[in-house]
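Peer 1: Would you mind keeping the following structure in view while I ask a few things?
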Number of protein chains: 2
Amino acid sequence: MFEQVEAAPPAPSVKDSPAGTEHHRTCRLDINKPQHVLYVVGTSLDVSIYRSAPPSSKSFSVKCTPQVKYSISPPTPETSHQSQIPLNRNTSLLISMDRASEFENESKLSVRYYNEDRYAVGLAVLHLTAVEISLDVDADRDGIVEENNPNKGSWKWGPSGYGAILLVNCDSESKFCKNEDYNSKQEFIFNLSDLKDMSPMKLRTRGPSRLPKGYKLMMHICLGDSEKIRVFGSKSGNKQVNNAENSSSVKDYPVVLGPEVLSQEVPYPGGNAEMDFHVEGLDFPDKDFDGLVTINLSLLKPISDAVPETPIFTDKVMFRVAPWIMTPNTLQPEEVFVCRTSDNQPFLKEIKDLVTKSGYKLKICEPFMNRGDRWIQDELEFGFVDSPHHQFPVVLDSPRDGELKNFPCKVLLGPDFGYVTREPQSDEVSTMDSFGNLEVSPPVTVNGKKYPLGRIIIGVAFPTAKNGRNMTKVVQDFLWAQRVQKPIALFSDWLVVGHVDEFMTFVPAPDRKGFRLLLASPDAAYKLFKDLKNNGHGQARMFDGFPKERQITVEEILGDRVLLNHNNYVQSCIDWNRDVLKKELGLDDDDIIDLPILFKLEKKNDGRVVAFYPDMVNMIVLGKNLGIPKPFGPKVNGRCALETEMCSLMGGLGLNCTFIDDYYSYHKNLGEVHCGSNVRRKPFRFQWWNMEL
Amino acid sequence: MFEQVEAAPPAPSVKDSPAGTEHHRTCRLDINKPQHVLYVVGTSLDVSIYRSAPPSSKSFSVKCTPQVKYSISPPTPETSHQSQIPLNRNTSLLISMDRASEFENESKLSVRYYNEDRYAVGLAVLHLTAVEISLDVDADRDGIVEENNPNKGSWKWGPSGYGAILLVNCDSESKFCKNEDYNSKQEFIFNLSDLKDMSPMKLRTRGPSRLPKGYKLMMHICLGDSEKIRVFGSKSGNKQVNNAENSSSVKDYPVVLGPEVLSQEVPYPGGNAEMDFHVEGLDFPDKDFDGLVTINLSLLKPISDAVPETPIFTDKVMFRVAPWIMTPNTLQPEEVFVCRTSDNQPFLKEIKDLVTKSGYKLKICEPFMNRGDRWIQDELEFGFVDSPHHQFPVVLDSPRDGELKNFPCKVLLGPDFGYVTREPQSDEVSTMDSFGNLEVSPPVTVNGKKYPLGRIIIGVAFPTAKNGRNMTKVVQDFLWAQRVQKPIALFSDWLVVGHVDEFMTFVPAPDRKGFRLLLASPDAAYKLFKDLKNNGHGQARMFDGFPKERQITVEEILGDRVLLNHNNYVQSCIDWNRDVLKKELGLDDDDIIDLPILFKLEKKNDGRVVAFYPDMVNMIVLGKNLGIPKPFGPKVNGRCALETEMCSLMGGLGLNCTFIDDYYSYHKNLGEVHCGSNVRRKPFRFQWWNMEL
């Protein structure tokens with residue numbers, strides 16, 4: 001059934017239907033009465049001459065009207081219509097017709113049987129009506145529903161691939177009653193504007209104005225697929241969607257198939273006509289769902305009142321549900337989100353200045369919505385879905401569910417803004433489930449393998465660790481199942497908060513691979529502090545201007561053997577991740593920049609680690625402007641040496657550093673600028689279906 | 001992680017561990033104290049010269065003992081050990097060693113730093129200890145655990161494929177307390193004889209007799225895999241399994257990993273030594289399980305008492321759990337199973353004569369076990385599992401669960417006889433779940449695609465049918481997930497009993513594809529009856545010798561228009577399946593033989609259908625001997641014309657027909673010979689891992 005699908009799933013969801021479309025149909029002759037056969041153009045009828053032969057027959061001849069073509073198997077020497085052909089057990093006729101009939105029983109084929117003495121002993125007649133039937137989709141992915149694409153029933157990745165695409169209709173056409181559209185269980189389409197989120201599908205027919213008596217068309221899906229899609233019909237028939245919006249009501253778009261309806265009769269449009277359908281996805285790919293769904297259209301033949309119809313022709317189309325895709329720091333921002341809290345007014349102002357200067361929109365989540373929860377990075381991840389016909393942003397809501405938990409569905413979900421979440425069944429949510437622990441790299445090529453949408457990065461524990469904390473399985477399953485940004489698991493459980501954004505980020509670069517990986521580096525910090533001491537700044541103080549007890553000199557830092565030991569450990573943890581990232585993203589050392597950052601170990605937190613001073617790698621990246629946690633490092637000639645180093649490192653890439661004071665409002669709460677902000681970015685121009693998977 | 005795995009699953013089960021084995025390890029220099037580094041042969045150490053350079057250094061030189069090899073990146077002009085190389089931000093050393101050290105700190109490398117004036121300003125020393133560590137399996141599938149196969153961490157199908165194989169340990173070493181061995185949850189192996197069902201795995205090391213202080217080896221699996229495998233250690237160390245059986249107790253084989261233990265320290269064997277492990281599978285591939293499991297071995301480095309160890313090297317091996325494989329009629333029988341009931345003594349005798357004559361074993365399931373349930377075909381399906389090290393039969397127990405339900409686990413399950421079942425969660429079991437509705441074709445090639453183990457065949461309803469009956473989803477999922485006998489779904493719901501074995505079977509043939517597909521054919525029956533009438537036998541009676549009311553003449557049959565209509569419908573149902581089988585098995589008409597069988601429609605059964613006289617296609621195939629339901633057809637010259645026709649059709653293939661009277665004992669209960677028997681056959685010689693999937 002899926003032979004042509006690349007990378008077929010190991011255990012495809014059960015297709016509760018008999019196997020594949022048949023292009024050869026066994027068809028019977030009867031010498032007692034003429035047979036009326038409905039023929040579908042593109043198939044062939046396989047007729048056993050022997051089966052219906054009268055007992056005494058030894059040879060036969062065939063005659064037909066001009067539209068009918070036939071061949072005899074096994075092949076016989078060149079014969080005219082009138083010549084008698086010897087009959088044997090395996091003799092069969094293969095019948096086909098090139099185009100649809102204009103009226104019922106337009107064509108005819110007859111077989112005459114002869115006995116030993118070459119006298120006619122029987123005549124079997126077939127009256128033939130030919131129809132063309134095609135269930136059509138945009139299998140070539142150009143936004144237009146072409147006619148009878150030969151690959152429409154299967155799906156292949158890549159620029160030379162094929163197979164139609166479906167969006168999960170997870171936005172909400174209603175601004176007031178927020179609910180994903182696909183969840184609005186109804187008999188009809190929810191709103192005419194919802195049509196644009198759906199994939200077009202057409203039933204095209206040619207032939208007589210009506211099907212012969214008793215024949216009917218059934219559209220059907222298997223049980224497994226029925227939870228994944230819904231098909232709406234279109235009572236307006238030939239009308240285009242654009243026109244329909246002007247003149248139609250939702251009642252013109254009734255549900256044809258879906259979770260409650262696995263099969264339904266659809267009208268035969270008749271003559272040279274077509275009928276519009278609209279298909280929506282109900283769920284994203286996941287562990288149990290490879291994203292592929294099939295819609296079948298069967299032509300049923302009546303037998304008698306007592307017995308059910310049998311299908312004589314089945315056409316099918318395959319869709320893949322579009323994956324949820326994340327957007328790396330190298331994509332252009334569209335909106336920046338931060339929370340207003342009782343204590344972050346100065347921080348808000350600095351962020352606002354940066355965002356305004358950079359030319360982007362700032363959206364502030366107010367206290368009534370955030371209820372004091374400032375970690376908007378952790379509550380949600382922005383992404384998008386894409387298809388040849390439509391594209392919109394989709395927020396992935398974290399199972400973290402802090403006080404911000406209503407923000408994604410109450411504020412973000414809306415017209416053309418989708419929503420998806422994955423909730424673990426038990427209460428196994430930990431800090432690892434916050435989306436500061438979910439990042440994505442820019443596009444990379446690794447040993448020739450292209451990741452044009454980058455790779456997702458999450459943080460977990462080593463499997464050998466006792467009491468290790470991990471991102472919950474349902475979210476990991478979801479991320480892996482999207483396939484187009486194959487995830488990398490890093491080791492982040494050594495941190496108290498445990499998020500990958502505490503030790504790494506990506507910034508755009510004009511050269512090499514178009515970006516740099518920034519890594520926190522205690523070694524780089526010690527090197528800088530040693531340089532300071534060597535240059536006579538050993539008495540310079542960190543946290544200068546803060547209360548005395550916070551301040552500490554460069555020499556005191558360098559002299560603290562315990563701090564050094566702990567930072568050696570931190571460096572080895574980050575180095576482990578550095579090695580993984582180099583391998584999995586195909587990076588060289590020159591693609592990586594070490595940032596001078598120190599950490600400290602918290603005995604009370606199982607020996608896990610927090611940043612010693614504001615963690616500069618936890619920055620917000622807005623094009624060429626970086627919003628970096630102000631580190632309050634030792635001053636040299638009145639200027640913070642850590643800021644100087646950052647500006648020097650980033651300046652080489654043409655990036656501008658803005659240092660934002662998040663000390664009391666975020667850093668002391670174990671987060672920084674990145675944890676306290678979120679950025680919705682422009683989607684990739686690269687279309688995911690063009691990946692070679 | 002699975003880049004080399006062919007046909008990687010769309011959503012691999014979450015691997016709760018950081019990504020892949022790292023062959024490059026970032027390593028730190030320290031000018032303040034010598035560093036002691038444990039090096040694993042086959043990896044390389046990546047050392048940043050710059051990171052640890054004293055502040056004033058401008059150049060450096062490198063010196064090392066003979067075992068150590070290094071290169072400088074970016075490459076410098078040809079230099080001797082003593083020459084000073086300019087230092088810049090990206091300068092790094094790549095260090096490797098060819099073989100294991102004999103003692104700790106055997107090798108050494110030092111980096112000397114120089115200032116602008118070329119005076120030495122610092123010296124960083126690395127003391128190196130090299131070890132070889134390899135977790136080994138039979139990745140080349142020859143039954144022997146080779147050393148460090150480069151492909152051991154991945155899995156590929158085909159004759160040029162690689163990757164180790166695991167059996168589900170689903171037999172029962174105990175004859176008395178019947179329980180699949182993998183279900184005997186214990187701290188140790190259940191029985192020494194159980195070792196042969198397990199895949200061997202070895203930990204091989206070379207190096208000093210002990211690891212440096214604080215280092216340790218951990219074996220670990222991810223959460224998803226932990227439900228699928230169990231690993232046993234071997235306290236006897238180097239001993240071979242064969243010897244072990246003589247001298248060991250089960251306590252020498254403790255559980256190392258499994259559902260309750262995701263990671264465990266394993267001893268470093270020391271020096272040039274190896275340690276044996278034994279791995280069992282706990283579950284067959286299924287919808288949620290692609291059959292692949294990975295076992296990791298990590299070398300952990302101590303940091304300090306306060307902080308956890310970090311892994312510096314991970315080796316991994318991948319297994320695929322062997323699928324459950326069915327055996328077609330063309331394979332040689334080993335045992336024939338039938339039930340004894342109060343009313344089937346004559347039938348039993350005829351079957352016994354046939355089986356004995358054919359040279360096979362007959363096993364009779366006695367009334368205390370079958371409690372009157374004679375349908376042993378329906379309760380279970382025989383299959384087998386195969387690996388390079390071992391092979392045994394496995395019975396798939398149907399969820400049907402009639403009175404025979406205890407037979408598979410109480411009688412069949414035993415030493416070297418495995419058991420597996422799939423039970424639906426709700427009570428959705430129907431007649432379609434009986435395994436007369438589960439068959440398998442002989443090996444076929446379809447449009448160039450080879451199915452060297454044939455294809456599974458099941459019967460379902462059309463999705464367009466109202467009140468359609470289907471095989472339960474969990475069994476379908478299981479069958480599809482085995483992958484090596486890709487199933488075909490036929491349309492069998494038109495039958496009252498609904499089983500594919502009511503209208504089709506396969507028999508061996510000396511020519512063409514090595515077999516013929518036999519199909520029930522009302523057309524063939526009508527043709528035969530017409531021939532009889534034409535030849536003057538119109539008054540010959542079916543069921544001759546039975547009570548008068550059962551008897552019916554050839555002419556009466558031919559004259560019954562209702563019967564004809566219903567059989568036309570049956571023929572169109574079978575023709576639909578014929579078309580599917582031709583396409584999905586790559587058959588020609590010459591590969592198919594139509595058997596003269598009539599059906600009748602039962603209005604009381606929703607217009608479904610039963611055989612009009614004993615259904616000859618429902619036969620038992622024992623090599624060249626066929627046990628066929630005696631049809632009691634019209635007699636010509638004292639001989640049943642249906643038997644004559646069968647003998648003629650089968651005789652051409654060199655097959656012998658034995659007609660068995662099952663009329664009252666089976667046929668009147670809506671089954672025949674095949675439904676009432678079962679055959680365990682020799683496994684395929686073809687090894688499933690050599691399939692190209």
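A Cβ is built for glycine as well, from the same backbone N, Cα and C atoms used for every other residue.
Automatic prediction, not curation, is the source of TrEMBL annotations.
Bear in mind that the values here come from a model prediction, so they are computed numbers and not experimental data.
Sharing the features that TrEMBL gives for it:
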type     : residues  : note
ACT_SITE : A:Asp378  : active site
ACT_SITE : A:His499  : active site
ACT_SITE : A:Asp501  : active site
ACT_SITE : A:Cys675  : active site
DOMAIN   : A:22-129  : domain 'Protein-arginine deiminase (PAD) N-terminal'
DOMAIN   : A:131-301 : domain 'Protein-arginine deiminase (PAD) central'
DOMAIN   : A:312-690 : domain 'Protein-arginine deiminase C-terminal'
REGION   : A:1-24    : region 'Disordered'
Peer 1: Do you know offhand how many angstrom separate A:Asp378 (active site) and A:His499 (active site) by C-alpha?
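Peer 2: Cα-Cα, rounded: 9 Å.
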Peer 1: When a 10 Å sphere is centred on the Cβ of A:His499 (active site), how many other Cβ atoms does it contain?
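Peer 2: Neighbour count, Cβ to Cβ under the 10 Å cut-off: 27.
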Peer 1: Relative to the Cβ position of A:Asp501 (active site), how many further Cβ atoms are located within 10 Å?
Peer 2: 26
Peer 1: Summarise the domain 'Protein-arginine deiminase (PAD) N-terminal' (A:22-129) by DSSP state, stating how many residues are helix, strand and coil.
Peer 2: 0 helix, 58 strand, 50 coil
Peer 1: Would you mind checking how many other C-beta atoms are within 10 angstroms of the C-beta on A:Asp378 (active site)?
Peer 2: 26
Peer 1: Can you name the residues of this chain that are 6 or more positions from A:Cys675 (active site) yet have a C-beta less than 8 Å from its C-beta?
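Peer 2: Listed in sequence order, they are A:Trp375, A:Gln377, A:Asp378, A:Gly436, A:His499, A:Asp501, A:Asn618, A:Tyr666.
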Peer 1: Look up A:Cys675 (active site) in the DSSP assignment and report helix, strand or coil.
Peer 2: coil
